[in-house]
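What follows is a set of notes on a single structure, which appears directly below.
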Amino acid sequence: MFRIVFKSIFFLFITVSVFAQQNQKKPFYKESFNDGVLPAGWYIPKVGNWDPQWVVTNQPYPGSYQYQQQAPPIASKSRGYHLQYQAGYFTDEDVDKGWVKKNKYPDGYVVSAPINCSDKSSVILRFQHTFRWWDYHPNNTAGLMLGVSTDSIHWQQWDMRHEVKSATDMFTPLKEEINISRWAAGQPKVFLRFYWKGLQAWYWMVDDIELCEADKKDIGVVRLISPSESGNQFSRHDELQIRIRNNGTDAVAEKFIVTAWNSDKLIATKEIDAAAKIMASGEERDIAFTDIDLSKSPVHKLSFDVKLSGDENPSNNTIRQTVSSKASVLGKLERWSKLTNGIELQSGSTKLKVLFYKNDIFRIWLTPDGEFSDPAGSDIIIDQKVYNPSLKITEDAKNIFISSTACKLQIQKSPILFSLSDNKGKNIWTEKSPLTFGAKTVQQLNYHQDEYFYGGGMQNGYFSHKDSLILIEKGGGWDNGGRANPAPFYMSSRGYGALRNTFDAGVYDFTKYMTLTHNENRFDCYYFVGDNLKKILDEYTSVTGRPFMPARWQLSMGDANCYNKKGTTPDVISKIADEYIKHDMPRGWILPNDGYGCGYTKLDSTVTELHKRGFYTGLWTENGVEKIATEVGTYGTRICKLDVAWVGPGYKYALDGCRAAYEGIEKNSDARGFVWSVMGWAGTHRYSVVWSGDQKGNWEYIRFHIPTLIGSGLSAQNCATGDVDGIFGGSAKTYVRDLQWKCFTPVFMVMSGWAKKDKQPWVYGEPYTSINRKYLQLKMRLTPYMYTLMHESYQTGTPAVRGLMLEYPNDPVTMGKATQYEYLLGKSFLVAPVYKDTSIRDSIYLPEGKWIDYWDGKLYQGKQWLNGYHAPLEKLPLFVKSGSIIPMYPQMNYDGEKPLDTLSLDIYSDGASSYELYEDDGVTREHRKGIYATTPISAEQKATGLTVNIAAIKGNYKGMLQQRAYSLFVHSNKKPVAVLVNGKICSSWTFDAKDKSGVITINTQSLPVKSDTRIVIQMIKV
């Protein structure tokens, strides 16, 4: 059955379609924006007192308030560079206070260069576009307005939204055909305008603009009216409705045929008798096919075709569209087959693949329409190699089983349900209900009462998510609860991790039932099986990439501000760099142009002079990284800080920005990339420090950052931080307390220019200056310990800042939020920051083992809580695990200030212990070629004394010293009777019973590093 609706519109006709390009009249004007810049003669006027503007880009729409996910950069079938307007990005979370309340709109338009149509008797305008608009407080002239003019002053306009509803996601480009002959034919100058007007959000993408002459006989399909592209509820009696239009200059007065197809099968045919009702030029008709059964599948590949004898332009005769249901549930298994590294399943039109890449890494991949897609490509997953998993595939009447050496995946047949167990038979997870897909894809798992969850990227204020709901999306501001750097990854204490291979936003609900949702109509999840969280992080980073390995100097403090306010960047030398020297302050790098529109001058000489004073120089990047070749290769900058104006609010846009900056540094120098960014995603850890955004320095700021950094590390964001004492507000006390604990994290910086007082460590005077100096100097001394942790993370994904559960997974106290205000730096240090205005620190948990107070040497037994710990302002609660060996370099204020010819070892002996020191040149990328060195160090405590073995160094690197002296600080309450170095009596030692409850200090001569060194401390005469 069918029905026809007549609509008459003359002179203007619009055809929206996705059709084959054949037999079209050759365009006399084309613009596809392939050069990546605004074409010559095009211009973008300023509309208001704000700066949203049309851009030429090949990037997705970056996301914004109430539309956190990105829109793919598909403005046309050809893809690539296109015109894009990002209204929602500019209004973002300020839409109510900054825009609606002030009755402002992020309007903006772009105007073409004049086009000569003087010799054309008819003109057809074609272009492709996608958009998403919002009906939130529009004005009465709102629209996505296409304009045509002959003087660029007076415009004929059409609203290109058609019947597309507010907040509709558009995944297939619309193709427009507009007969503009009335206004353009015979005109020497014709201008085109695309005008975003009177709407608060979200975006408009335009591409492949063409002008050509019209055909006399041309009928085409305009668009599919129903069903919608997604979100449908299919039944046995659905209606299919399309719009056709007479695109020709002549009327149609004869019969023609319209057909409907589903998955290339003819389902309906309709003959239209235009002789009975002539179709005038420009007239459109809606045709509906009723009683169509779409109930048997959640996805349909529909196509419609119109055939008119003598049609001069068959290229617009067909439209194809895939439509899907709002929510479909995976049904029973109909067939399955083996693949090289897994199996393929089918249920109706829905197909799934289960693919094993290793014995402990596998993927479940669902496509509703039978065509597997991977929109993220290699952006998130960079290693899809198959590493010869050992698989055994069996089945019985009700299930299929895939077993590897690490796990066993059970697949129930009716309905399809997955269940995972380890190689010992312990259940890891079981689906509570079948996978649901449509507008969102949902997996629901049964909940184990003893199960804890971690990950989700940087979730400000949180690391343990048991009984919580977390959002995997940009937003929430920068304070507690904000999501500055989310990641679609989580780990469970049951022995697995899961990564959704997507850039679409999600929600992970870890409450009564685990409900894991992402806003996409496909399911693509990698699973990692391991008996501990470290193993899972290792697997996760084996496919997403390891955390980047920073240079040594990158572990020192950074300083940022707009030091170019007067247009003289060299001012930073005397006003800031020399002040660091004057105050004897450790330092590492500086950003002299941090701020919107700050810019820089005389960068080359500034970089040179700053380097003489111990600073590397970086740049705050506002609008792109196109100048990076000159800035890095010629001027010598080595850091890029990417703010939201460049990286966008996250997802693929941000990841691409980080990669471009990181690779820009490495392609133009021998240095390691060093990037700071917000709005990261899974994979950002390969390139960038992630920081938590712009906040106010206060006690609450310190409090919520402790679990924030722990949680970031549990998503492999090894270098995560927040600005010291925030960028706003702050005080002398909060500055000291924040700096103290951040000296026991890999990276950090201060950012001035936003608060009444700047943020350098001397601004509050004494005693604060001396306290800050003390901790910065200690951080510099601990560089070899921190650098070795960086290499461990680079090799395994294990972060330097560790929640206690990483090292003590069998201690239930460490699993939840009870220990959220303390952490481990590696295995040796336990840090318990003071986050209140008090000199007493309560609720410090010491896990199993013996712990020594770093400041006074007091010994504590583990598995206990400390309350009432005395922590005056100058004292950070800091404990060392008994048995630790901690390497230190000579005291210096910047990396490279002094030679590393003395290695200090802080030894807390307890039975047998060992440590392996990692070193390389500290600057270049040679370590990636295996050019580095390690030094095994061991200590064995017996009743007779202590033996320390420093083994011969393994490996080599440029600048490696052939000899070095050793200084040992051995914590002991007993004075030795003798010290021997390589069998010879050593007289260069002292014992101080009052220093940290007793310290033996031993200084050796310079010794060859390629030979073993053995130091024996005798406690009794031999």
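Glycine too: its Cβ is placed from the backbone N, Cα and C atoms.
Residues annotated as domain 'Glycoside hydrolase family 31 N-terminal' in TrEMBL: 352-504. Taken from TrEMBL, the feature domain 'Glycoside hydrolase family 31 TIM barrel' applies to 653-789. Taken from TrEMBL, the feature domain 'Glycosyl hydrolase family 31 C-terminal' applies to 797-886. Annotation source TrEMBL lists domain 'DUF5110' at 902-971. Per TrEMBL, the feature signal peptide maps to 1-20.
A contact between the domain 'Glycoside hydrolase family 31 N-terminal' (352-504) and the domain 'Glycosyl hydrolase family 31 C-terminal' (797-886) is present, since 3 or more of their C-beta pairs, 6 or more residues apart, lie under 8 Å. The residues of the domain 'DUF5110' (902-971), classed with DSSP into helix (H, G, I), strand (E, B) and coil, number 4 helix, 42 strand, 24 coil.
Across the domain 'DUF5110' (902-971), the model assigns an average pLDDT of 98. The helix, strand and coil residue counts that DSSP assigns across the domain 'Glycosyl hydrolase family 31 C-terminal' (797-886) are 10 helix, 31 strand, 49 coil.
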